[in-house]
Amino acid sequence: MAGGNHTNSFEFLLWGLSERPEQQHILFLLFLWMYVITVAGNLLIVLAIGANKHLHTPMYFFLASLSCADILFTTTTVPKALVDIHTMRRSISYAGCLTQLYFFLTFGDMDIFLLATMAYDRFVAICHPLHYTMIMNFQRCIFMVIACWTLTNFVAMTHTFLIFRLSFCSKKTIPDFFCDLGPLMKVSCSDTQVNELVLLFLGGAVILIPFLLILVSYIQIVSAILRVPSTQGRLKAFSTCGSHLSVVALFFGTLIRAYLCPSSSSSNSMVEDTAAVVMYTVVTPLLNPFIYSLQNKDMKEALVRLFRGTVSFLRGQ
């Protein structure tokens with residue numbers, strides 16, 4: 001049995017992405033490609049915003065923060081999964097598992113809070129345009145991001161500590177390709193009632209409160225846009241929110257399927273749950289840069305300038 005003071009040699013086994021040997025090579029190449037594209041795409045977003053003074057606004061400051069969080073979020077799980085696929089060794093130490101859990105929760109929750117912050121920014125910009133620069137000043141933007149980081153660390157530390165106090169029997173197999181709250185509670189030999197209650201109330205609040213704030217913000221935004229007299233004005237206002245709405249729908253849709261939809265312990269359900277978690281942890285951060293660059297004219301122009309500047313620099317070397 002392994003608990004808070006029996007951690008030196010204890011290891012978990014990860015179920016992984018697939019048990020079929022013939023699929024391992026394809027999965028390795030697929031996840032390697034997705035990870036490289038995710039990091040490169042989000043890094044380009046950050047560099048384009050940093051290099052273009054016209055994008056030094058609260059909206060793009062929060063977008064750059066979201067891209068950084070997505071890079072860290074994906075890096076928490078995918079490199080370990082790639083190593084496991086390549087070496088065919090799916091074990092993870094107790095300390096490594098808790099560390100991965102902590103950072104996964106931190107960066108995952110950071111995405112949720114940043115999406116809510118971005119919705120508030122759009123609400124102020126569209127519903128209170130005359131007061132926008134005063135309300136969303138630089139100091140307040142910094143404070144909001146720091147507050148997001150503080151909240152996510154508090155939530156992650158709470159869940160990680162509660163997992164730390166549990167006991168685990170023998171070499172249990174975690175039914176996932178990384179350490180997450182639900183799968184860890186399933187393989188525990190201890191009473192997980194406290195963990196489940198905290199997950200229900202604290203975890204539910206982390207998902208539902210930001211989601212409701214986003215919903216209320218966009219109800220106000222849509223109401224304000226519909227009062228704009230000109231069609232061109234309405235289209236311009238909607239265009240500034242389209243990218244964010246697409247990301248919110250994709251993120252919360254996959255999040256709800258991964259964590260709020262019940263599943264059985266059958267093999268088919270495990271495959272479906274793994275697919276849902278992959279959508280939430282890997283595919284969503286992969287698609288975010290494409291959504292923002294394809295639907296946002298300013299981002300497209302900034303990326304073009306970044307590429308041109310890079311090409312000119314390389315030619316001059």
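Backbone N, Cα and C define each Cβ position, glycine as well.
In TrEMBL, annotation is done automatically, which means it is predicted and not curated.
Features as listed in TrEMBL:
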type: TRANSMEM; residues: 26-48; note: transmembrane segment
type: DOMAIN; residues: 41-292; note: domain 'G-protein coupled receptors family 1 profile'
type: TRANSMEM; residues: 60-81; note: transmembrane segment
type: TRANSMEM; residues: 101-120; note: transmembrane segment
type: TRANSMEM; residues: 141-164; note: transmembrane segment
type: TRANSMEM; residues: 197-226; note: transmembrane segment
type: TRANSMEM; residues: 238-260; note: transmembrane segment
type: TRANSMEM; residues: 275-294; note: transmembrane segment
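Segment contact holds for the transmembrane segment (197-226) and the transmembrane segment (101-120), given three or more CB pairs below 8 angstroms at sequence separation of 6 or more. Per-residue confidence over the domain 'G-protein coupled receptors family 1 profile' (41-292) averages 87 (mean pLDDT, predicted model).
Only residues 6 or more beyond the boundaries of the transmembrane segment (141-164), in the same chain, are considered here, and those with a CB under 8 A from a CB of the stretch are 4, 58, 61-62, 65, 98, 101-103, 105-107, 109-110, 113-114, 117, 181, 184-185, 194-195, 198-199, 202-203, 206. Among residues of the same chain six or more beyond the transmembrane segment (26-48), those with a C-beta under 8 A of the stretch's C-beta atoms are 17-18, 55, 63-64, 67-68, 70-71, 74-75, 78-79, 81-82, 85-86, 282-283, 285-286, 288-290, 292-293, 299, 302-303, 305-306. Counting same-chain residues at least six beyond the ends of the transmembrane segment (60-81), those with a Cβ under 8 angstroms from any Cβ of the stretch are 16-17, 31, 34-35, 38-39, 42-43, 45-46, 49-50, 92, 100, 103-104, 107-108, 110-111, 114-115, 117-118, 121, 141, 145, 148, 177-178, 281-282, 285-286, 288-289, 292, 298. Tertiary proximity for the transmembrane segment (238-260) is limited to same-chain residues at least six positions away from its ends with a CB under 8 Å from its CB atoms, namely 59, 111-112, 115, 118-119, 122, 125-126, 182, 203, 207, 211, 214, 218, 221, 225, 273, 276-277, 279-280, 283-284, 287-288, 291-292, 295-297. Using a Cβ-Cβ cut-off under 8 Å and counting only residues 6 or more beyond its ends in the same chain, the transmembrane segment (275-294) has close neighbours at 17, 31, 34-35, 37-38, 41-42, 44-45, 63, 66-67, 70-71, 73-74, 77-78, 104, 108, 176-178, 180, 243, 246-247, 250-251, 254-255, 257-258, 261, 300, 303.
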